[in-house]
Amino acid sequence: MDALQDFCVADLKGSPTINGFACKDPKTVQASDFSFGGLHIPGNTSNAFGSKVTPAFVTQIPGLNTFGISMARVDYARGGINPPHTHPRATEILTVIKGTLEVGFVTSNPENRLVSKVLRKGDVFVFPIGLVHFQRNTGHRNAVAIAALSSQNPGVITVANAVFGSKPDIPTDVLAKAFQVDRSVVQKLQAKF
């Protein structure tokens, strides 16, 4: 798409439209609309997953509006994971800044093939749009990665949360049949979310 203006800084007071937020008056734009000072701060990994994603999306950098890009810092404790998830609106490219990560994605049906690799500092890996993917810290110390995404608002669907924590619940018998397990197993999992 050809740009019709230099930029369209997001007016975050409004609601997003199909192609982003409405534009602020260009005369009111400041340098702060194009910057974010949060990626140098380590994320708190004291949680069940042992990881923390710090986004730099359009809501943090209004100047990204309509440009179709964003980024994030991901911190991992020893053994920490970024659990299986998808980005419905973006391809992701990730580079390891510190530590060692096992990363991978699963191809679509019917093959459902795992494509994975161990990455070290400076290595890069691409996760295609919409495919389930994950990262796991396999090193002996904390790890840090930077991800760039092909959308100002990539979205995220964490698989376990979506399947077992939907509101309202997906019917237990549907999940029991899909996962080929007893209903009690599904109920146990749903109770965790």
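Each residue's number is its place along the chain shown, starting with 1.
Cβ from N, Cα, C; glycine included.
Where the annotation comes from TrEMBL, it is an automatic prediction and has not been curated.
Straight from TrEMBL, the features:
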type     : residues            : note
DISULFID : C8-C23              : disulfide bond
DOMAIN   : 46-187              : domain 'Cupin type-1'
BINDING  : N82, H87, E92       : oxalate binding site
BINDING  : H85, H87, E92, H133 : Mn(2+) binding site
Check your understanding: In terms of DSSP three-state secondary structure, what is the assignment for H87 (oxalate binding site)?
Key -> coil
Practice item. Show, in sequence order, which residues other than N82, H87, E92 on the same chain lie with their Cβ within 8 Å of the centre of the Cβ atoms of the oxalate site. Key: A72, H85, T86, A90, L94, F127, H133, A147, L149, P154, V156
Exercise for review: Check the Cα distances from H133 (Mn(2+) binding site) to each of the recorded positions C8, C23, N82, H87 and keep only the ones within 10 Å.
Suggested key: N82, H87
**Study point:** All-chain count of other Cβ atoms within 10 Å of H85 (Mn(2+) binding site)
**Key:** 19
Exercise for review: Compute the C-alpha separation of H87 (oxalate binding site) from C23 (disulfide bond), stating it in Å without decimals.
Suggested key: 25
Practice item. Specify the secondary structure state of C8 (disulfide bond) as given by DSSP, simplified to three classes. Key: coil
**Study point:** Inter-residue Cα distance where the pair is E92 (oxalate binding site) and H85 (Mn(2+) binding site), in Å
**Key:** 12
Review point. Do you know offhand how many angstrom separate C23 (disulfide bond) and E92 (oxalate binding site) by C-alpha?
Key: 26
Exercise for review: Would you count the other CB atoms within 10 A of the CB of N82 (oxalate binding site), including those on all shown protein chains?
Suggested key: 26
Review point. Which residue counts does DSSP yield for the domain 'Cupin type-1' (46-187) in the helix, strand and coil classes, in that order?
Key: 22 helix, 58 strand, 62 coil
**Study point:** Neighbouring C-beta atoms (10 Å sphere around the C-beta of C23 (disulfide bond))
**Key:** 17
